[in-house]
Amino acid sequence: LEKALPPNHPDLATSYNNIGHVYNNMGDYSKALEFYERSHKIYEKALPPNHPHLASSYSSIGGVYNDMGDYSKALEFYEKSLQIRKKALAPNHPDLASSYNNIGLVYNKIGDYLKAVQFYEKSHQIKEKALPPNHPSLGISYNNIGSVYHDLGNYAAALRALQSAFQIQQQAFQVSNPAFASTYSWLGRVYRSLKDYSKALDNFEKCLAIVQKTLPERHPNRAITYSNIGDVHRLMDNYEKALVFHQKALNIQENVQCDPTDCATTYMNLGETYREMKDYSTALTFYQKGLEIHENKLSQNHPDLAVVYHNMAKLYLATRKYSMAMKNIQQAVEIAQEKLPSTHPHLLEYKETFEKIRKKM
C-alpha cells in the first residue's frame, strides 16, 4: 500500500490505524501509539476537522495513553474526540456513548469516582436507547458501573451491575470470550472486598484461564491477574503461593511497558505479604517502591495512596514506631474523608487503625 498510494491517502491511514489496533491488543503500547499517530496525521490533512474518523483517531490515541497510565493525556484526547462527536453525530449515537464511557474510565483511574459514575451513567443511558437489550456494549457498560461502585465501597450495587454484565455476555458470547475476563476479574475483586475468598479465587482463576488463552505471555493484563490471585492467597494465609504469583506478575511488569500504577499494586501486595510474614524490612522496601510510583503518578489525594499509607501505618504499628504510624494513618484518614463516602469500608478500617495507634502513644 505504501508504494501504491500517495503518502496522505486515507486508505493508508486506515491501514496504520489497524496496525495500531493489533499492537495495542498485544500490549505493545509505544508501537501502537506510533501507528495511531501516523494514521492521525494523514486524517488531519485529508479530512474536514469534524469528521467522525478524526474523533475515532483521537479516541484510539487516548486509549493508549490510558493503558500506559498517562491519564492527563488520555483525558485530553478523549475530550477532543467527544467535542467532534457532539457536533457530528446524533445525540443517541453509540459512538457518543463510547466517548462518555472512555472519559468515565479515566476519572475512575484518577480516583474521582463520583465523576466516573456520572460519565458511565450518561454512556449507559444512550446505549439503552440506541441498542438492543442484550448488546455486548451494554455488558461493558454494566461492567464499568460495577467497577466504580466497588471502588466507592458499595459492594451490593457492584455485584448487581456485574451480574447484569455477566448475563448479557452469556447470551452474546462463547464461554472463553475475552469479554468475560474483565467481568470475572471485577467479580473477584468484589468478593475479595466482601472477604469471600474462595469465591474471589474462583473468579480470578476463571479470568486467568481466559487471559492465558487469549493474550500474549507478557501482556500487562496477565500480570494484573497473577497479582490478584497472589493477593487472595495472602488473605487466605498461603504466603508461599502468594509470593509465587506476585513474582510472576513482576516478571512481566518490570520488563514491558505497562501502567506503572499496576506495578505499584504488585509491590504493595508483596509488601503486605511480607508484613504478614513478619519480615518487616522486606515489606518496607516493597512499600517504598510502590509509594514512589503512586506519588509520581497519582494526585496527592488519590484513594489508592490512602491504601499505601494505611499499610505503612500497620507496619510501623507492628514495629512499635508509633509516631511514624500516626503520621501515615492521619494521611490515610484525610484522603479517605475527602474522596470516599462516609460509609466506605476503607474509611472505617482506617479509623479503627487510627484508634489502635492513638492508644499506643
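Placed from the backbone N, Cα and C atoms, the Cβ positions cover glycine too.
Listed as Cβ neighbours of the repeat 'TPR' (13-46) (distance under 8 Å, sequence separation of 6 or more from its ends, same chain) are residues 1, 7, 53-54, 56-58, 60-61, 63-65, 67-68, 215-216, 218-221, 256-258. Annotation source TrEMBL lists repeat 'TPR' at 13-46 (among others).
The repeat 'TPR' annotation in TrEMBL covers 55-88 (among others). Under DSSP, residues within the repeat 'TPR' (55-88) fall into helix, strand and coil as 32 helix, 0 strand, 2 coil.
According to TrEMBL, the feature repeat 'TPR' maps to 97-130 (among others). The DSSP breakdown of the repeat 'TPR' (97-130), given as helix, strand and coil counts, is 31 helix, 0 strand, 3 coil.
Residues annotated as repeat 'TPR' in TrEMBL: 139-172 (among others). Long-range neighbours of the repeat 'TPR' (139-172) within the same chain, counting only residues 6 or more positions beyond its ends whose Cβ lies under 8 Å from a Cβ of the stretch, are 97, 101, 104-105, 108, 111, 113-114, 116-117, 120-121, 123-124, 127, 179-180, 182-183, 186-187, 189-190, 193-194, 303, 340-341, 343-347.
Long-range contacts of the repeat 'TPR' (181-214) within the same chain: residues 139, 143, 146-147, 150, 153, 155, 158-159, 162, 165-166, 169, 221-222, 224-226, 228-229, 231-233, 235-236, 345, each at least 6 residues beyond the stretch ends and with a Cβ under 8 Å from a Cβ of the stretch. Taken from TrEMBL, the feature repeat 'TPR' covers 181-214 (among others).
Averaged across the repeat 'TPR' (223-256), pLDDT in this predicted model comes to 96. Per TrEMBL, the feature repeat 'TPR' maps to 223-256 (among others).
Residues or ranges marked as repeat 'TPR' in TrEMBL: 264-297 (among others).
Annotated repeat 'TPR' per TrEMBL: 306-339 (among others), in sequence order.
Scored by C-beta pairs under 8 angstroms, the repeat 'TPR' (97-130) has its highest count with 55-88, from the stretches 55-88, 223-256, 264-297.
In terms of DSSP helix, strand and coil, the repeat 'TPR' (13-46) has 32 helix, 0 strand, 2 coil.
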